[in-house]
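A.B. asks: Shown below is the structure under consideration.
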Amino acid sequence: MFTVFLLVVLATTVVSFPSDRDPASNHENSKGSNRNAWFTPEECCAAPACRGMILEFCLAGEAFAAALDGFRRLPYRLSSE
């Protein structure tokens with residue numbers, strides 16, 4: 001009985017591991033991993049549907065850009081004193 005149990009465990013273990021020999025499945029798996037690289041965060045902020053997912057990042061970027069723009073408008077003087 002114990003031998004039958006070991007055979008069942010061995011059979012289910014072998015069946016549960018995916019085969020790496022099928023190049024078609026490897027190609028499909030590699031395509032799925034590149035899906036997140038379609039949009040950069042900056043491009044995502046420009047798309048309304050994507051912007052909602054990373055709104056905090058977009059708002060922080062806009063606040064930084066506005067602060068940088070305001071800083072660039074300040075008169076710049078070198079003070080020797």
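Cβ coordinates are placed from backbone N, Cα and C, and glycine is handled just like the others.
According to Swiss-Prot, the protein carries these features:
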DISULFID  Cys44-Cys50  disulfide bond
DISULFID  Cys45-Cys58  disulfide bond
SIGNAL    1-16  signal peptide
A.B. asks: Provide, as an integer number of angstrom, the distance between the C-alpha atoms of Cys44 (disulfide bond) and Cys58 (disulfide bond).
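C.D. replies: Given the Cα positions, Cys44 (disulfide bond) is 9 Å from Cys58 (disulfide bond).
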A.B. asks: How many Å lie between the Cα of Cys58 (disulfide bond) and the Cα of Cys50 (disulfide bond)?
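C.D. replies: Cys58 (disulfide bond) and Cys50 (disulfide bond) have their Cα atoms 10 Å apart.
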A.B. asks: If you count Cβ atoms within 10 Å of the Cβ of Cys44 (disulfide bond), leaving out that atom itself, what do you get?
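C.D. replies: By my count, 17.
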A.B. asks: Near Cys50 (disulfide bond), how many other Cβ atoms are within 10 Å of its Cβ?
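C.D. replies: The answer is 16.
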